[in-house]
Amino acid sequence: MTKFVFVTGGVVSSLGKGVAAASLAAILESRGLKVTLIKMDPYLNVDPGTMSPFQHGEVFVTDDGAETDLDLGHYERFISTRMRKANNFTSGQIYKSVLEKERHGDYLGKTVQVIPHVTNEIQVYIKKGAGLDTPDAVDVAIVEIGGTVGDIESQPFLEAVRQMSLRLGPDQTAFVHLTYVPWIPSAGELKTKPTQHTVQKLREIGIQPDALLCRADRYIPDEERDKISLFTNVVTSGVISVPDADTIYKVPRILHEQGLDDLICKKLHLNCQPANLQRWDALVYEVEHPKDEIKVAMVGKYVDLSDSYKSLNEALRHAGIHNHAKVNISYIDSETICADNVNQLGRYDAILVPGGFGIRGVEGKIATARYAREHRIPYLGICLGMQVATIEYARNMAGLQNANSTEFNPDTPEPVIALITEWRDREGNLQQRTAQSDMGGTMRLGAQSSDVQPGTLAHQIYGDVVTERHRHRYEANVNYLDQLRAAGLVISALTQQEHLTEIVELPQTVHPWFMGVQFHPEFKSTPWNGHPLFNSFIHAALEHKTQQDKN
Ligand code: GLN
């Protein structure tokens, strides 16, 4: 029988609810339980795919092609269960489903209302996310409710989980509330009042938390913990202090030391082995004891909000850990890069151009790819980063001076990157699109495999087959591949059916490490072994640095 832990948040957002939920899941997994995580988002977008990264940070993509909240990235990095479409849903999806049922006549003449129809639908989705009644059913599903308690839009979710706990019974469900305890410098005090109020709000709805995760910039002394306990009706042992951590991989240990997992297991009557966090300790040790240090330039568009490149940042760090090196990432706005100042990139050990949409800053990215190619600096282009590297190569090496993507110039005479109008999706169904097609959910999405050409750098990294996740609309135009090949570009992986370009690279005789990939490898990186592509890229950066030091 699957048990549920509901994780809510209070006072303010951005306290790390996703990391806290993932950390609890990781501890429970180390206790031998089968665990999954579910994220419910209160906004009306059907998924975050149509939202700007400036609004919502990165859009994480699952193997089965869902565009999801970035917390699912944390979930996959913290536990071994892989996320699926069903692990993230929004108010938009719930309402869409309820309205479709209403139009279909499924409510048999009833007035369709938030309670019970919307709240019931939420419960159906939660159960689906937990794989209930399927062979995938887990022992514990940790359900994170987006937003903060008190928001109008998250109310139906809170009501739904309250009803669910009533229906399932007290030993089947637990509530964990993440709150904020600010330090007021002028008073020299930690203030518990916001926490008292947010728990009051929760209790008004009928939810009594079993544990409070109190975020603060420091450990919370026992005296304040006692006070919080008294005002919130949570046992003192359930008032857990979660200070700022310099690495998120410390959080499982912090929670375990204060007994969060024991408290949850007791509440849910789970008899399981003790936690074993050895591998987390070893990971933190590696993070804190690098033997070397490198500088990576990330030349992109969404550089002001590092959440926009969450998985990428983590993947680079994981590869750093794997190579015993600290990776320092400098975010550079590609709009500020032009031919006259691109040589500022010469001081980096490696250059990365990440994924992106829209024309802004594209010429700066093209100049960046050219600089990395000509100066033999390790270059990794991801998705748009591959497309700009291809455009650059076409313009400067293949004599196609006007080469461009139809995303940036629909009338370009040399569309080396273009919109494909027909393709087969992961299930093999024929899909069609035009520039006017719906924006939501219509990209090439999710995991796809292709063969890798032997003798290439890609083959050294991946072996015969590469399977990675996609999220893009435009593709390298098949009609130009021969010209690019003749000019020296290596196309090292093509999809089996449509021959879509998956990887381009330069021969290692010409450049030590230059690669563009149409997919997003960062989504599959975990801290445990790093990701082979990023491991190789960071290794090349270290070699470049050694070489530079010698010269
Ligand atoms: N804008 C490009 C496309 O849609 C690249 C997308 C991306 O980098 N994820 O194909």
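Glycine is no exception: its Cβ is also placed from the backbone N, Cα and C atoms.
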Listed in TrEMBL for the ATP site shared with S14, L15, G16, K17, G18, V19, D71, one of A187, A211, A245: A245
Given TrEMBL lists G356, L384, G385, M386, Q387, E407 for L-glutamine, the same-site residue among R279, R471, R473: R473
Integer Cα-Cα distance in angstrom, H520 (active site) to T195 (UTP binding site): 39
Where the C-beta lies under 6 angstroms from ligand 1, the matching binding-site residues among S14, G356, L384: G356, L384
C-alpha spacing of K227 (UTP binding site) relative to G385 (L-glutamine binding site), in angstrom: 53
Neighbour count (Cβ, 10 Å) for I152 (CTP binding site): 8
Candidate with sparsest Cβ neighbourhood (10 Å radius) among K191, K227, the listed binding-site residues: K191
For T192 (UTP binding site), the one of L15, G18, M386, E407 that lies nearest, given that the binding-site residues are compared by Cα: L15
Those recorded positions of E144, P194, K227, G356, C383 having Cα within 10 angstroms of K17 (ATP binding site): E144
